[in-house]
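Working notes for the structure below.
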């Protein structure tokens, strides 16, 4: 029978993944992604953060390879959390493939610690004192006659803060509307149609959503936004609205080894945006170098700099991926999509498999934050470098990073902001 996992995520931007479960051998599933952060011990938090970063960059490289000339936006944490939730109900090789595909070493990290880590991460991201607006959670929509194992139900509730709802999948249109309305409400209308279609074989839909709205610590002035050229490559350009800020003090690093500049813009809460601007023609070199050690180096070597002028496009980009077709199998997650899938930890009454993993994401960046993001960081007692200007007028990478959880919430490649 079919099991759908849907993940949804919004970054005043929105991303949503969904997973659908059907009878074995059928293919019909959505996934919407969600993000999490860890609140366990410092060591456990660092381990989960490093693993999630490894997964984020590995997934990014797959997406970039298959979509070389398009915009990319996704929530790696949303995807990994949704798949980890599925693994709660998986056994044997099915479970091992999922967790190892997420970059966990099961000989070093027990399965229980992985789920506890994600649970702590979810809890830490839900702290009301965080000035960023973050809404994350999970929901299960269960066929009214399907008997879910009590242990799975309880673990998803306790560890992943999952709400449970009954649905009549024999009425697929009504069930689809129920799920999409729920996701739309949780993501402030950013993701309006996570699930495009269901059929009567569906038994369960798992939704994982994240909504993030960050306000720049120092906002851009809308009156300073002007029309400017954005160079798609050496021969093509487009006109885009370009935000401008003068005499900005923020953290910056020039990576000569990788031929790129890294700039940090902070939000008012615990998140910041890392903007990576490769030199002309060096994007592939930077992409190939992405790994946890690269991120640690950048964050460690960023230092306060005064920028005479910063230009950053105002943009909105969206992506929609079918991850079960090739991306996840290439990362080692295969059996869960086949008749051999063992999801007997979810229910013993039906034989389930995952038929589709769909990830939907939206990212808006404007003058006030993400939906736009801007920030500054000044460290007293440290001499600041002075940079004449930084122009994001060619393809660049955009990473939303939660400093407390040391985790990547969103990652994007802006090839064309128009």
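Each residue, glycine too, has its Cβ placed from N, Cα and C.
The feature N-linked glycosylation site is assigned by Swiss-Prot to 39, 105, 185, 270. Positions annotated as region 'RCL' by Swiss-Prot: 369-394. As annotated by Swiss-Prot, signal peptide applies to 1-21, with the evidence given as experimental evidence.
Counting every protein chain shown, the number of other Cβ atoms lying within 10 Å of the Cβ of residue 270 (N-linked glycosylation site) is 21. Here the region 'RCL' (369-394) returns a mean pLDDT of 51 for the predicted model. In the three-state DSSP classification, residue 185 (N-linked glycosylation site) falls within a helix.
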